[in-house]
Amino acid sequence: MSQKTILVGVAGASASGKSLLAETLIKEFASEHVCMISEDSYYKDQTHLTMDERVKTNYDHPESMDHDLLLEHLKMLKNGESIEVPEYDYSDHNRTKNTRHVEPAKVIIFEGILLFVNPAIREAFDLRFYMDTPLDICLTRRLQRDIVSRGRDMDSVISQYMATVRPMFMQFIEPSRQHADLIIPRGGKNQIAIDLIKTKIHSLVN
Ligand SMILES: Nc1ncnc2c1ncn2[C@@H]1O[C@H](COP(=O)(O)OP(=O)(O)O)[C@@H](O)[C@H]1O
Ligand SMILES: O=c1ccn([C@@H]2O[C@H](COP(=O)(O)O)[C@@H](O)[C@H]2O)c(=O)[nH]1
C-alpha cells in the first residue's frame, strides 16, 4: 500500500471509554479503511506461569506489556507492512496461540491504558487522545464489564483495583495525559469530540 497509514492513540484509565470511542469512530468512517487494535493484545506471554501466579501479575504496570513488539508493529504499519497481532484471553490471563492479521489500513486506532508512557511508542502516533473519565465511573463500568465479559467476580475486581489498578493509574496513566493532543471529557459518547476527531483524521488522510 502506497498511502501513509495514520496511527491514532487513545489512552486513559481502564473502562474510561477508550474502546467505545474507537468503535464509534470506526462506525462513523463506515466506508473507509479504519481498524482498531488494543494494547491489551500486547500483554506478555505468561505460558510459563501457573494460573495462581498469573492472577498475581500487575497488569497495570508497563512491565506487564510487550512494548518492544508493539513498537515494532507500529513501525511496520508505518512502513506499509502488515502485522500479526497476538490474541489475548482475559479469563486465562494469557495470550492464545492465535493471531489477527492486520493490513496497514488508512487509519489504525490503538487503544490502551499505557500507550503514552513509553516515549518511543507515544511518538509513533500521529494523533493522541486521552479519555478524562472520573475514576468512580470507570470502576463502576469495570465491575460490570469484567463480571459479564472477562470471567471475574466482584471480590477479585475490587481487590485488584485497590492493589494495582488505582495505584498504577496514579503513578503512570494519569501523568501520561500531558502527552495527549486532546483530552476528552464525558467518555466515548462525546459527539462534539467525535466530530472534531473525524474532521482532523479526514484532513490527515486527504
Ligand atoms: N459514555 C458511556 N456511557 C455509558 N457506558 C459507557 C460509556 N463509555 C463506555 N461505556 C461502557 O463502559 C464499559 C467500559 O468501556 P470501554 O470502552 O470498554 O472502556 P476501556 O476500553 O477504556 O476499558 C463498556 O461496557 C462500555 O460499553
Ligand atoms: O489478564 C488481565 C489483563 C488485563 N487486565 C486488566 O485490564 C485492564 C486494561 O484493559 P482495559 O480494556 O483498558 O480496561 C487493566 O487495568 C488490567 O488490570 C486484567 O485484569 N487481567
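Yeah, the Cβs are placed from backbone N, Cα and C, and that goes for glycine too.
Note that TrEMBL annotation is computational and uncurated.
Some features that TrEMBL has for this protein:
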type: DOMAIN; residues: 8-193; note: domain 'Phosphoribulokinase/uridine kinase'
type: BINDING; residues: Gly12, Ala13, Ser14, Ala15, Ser16, Gly17, Lys18, Ser19; note: ATP binding site
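Annotated features taken from TrEMBL, shown on the structure.
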residue : record           : CB count, 10 Å
Gly12   : ATP binding site : 30
Ala13   : ATP binding site : 27
Ser14   : ATP binding site : 24
Ala15   : ATP binding site : 24
Ser16   : ATP binding site : 28
Gly17   : ATP binding site : 25
Lys18   : ATP binding site : 30
Ser19   : ATP binding site : 19
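Proximity of the binding-site residues Ala13, Ser14, Ser16, Gly17 to ligand 2, judged by a Cβ distance under 6 angstroms to any of its atoms, singles out Ser14 in sequence order. Residues Gly12, Ala13, Ser14, Ala15, Ser16, Gly17, Lys18, Ser19 make up the record's ATP site, and a Cβ search at 8 Å around their centroid adds Glu111, Ile113, Met131, Thr133, Cys138, Arg141, Gly187 from the same chain.
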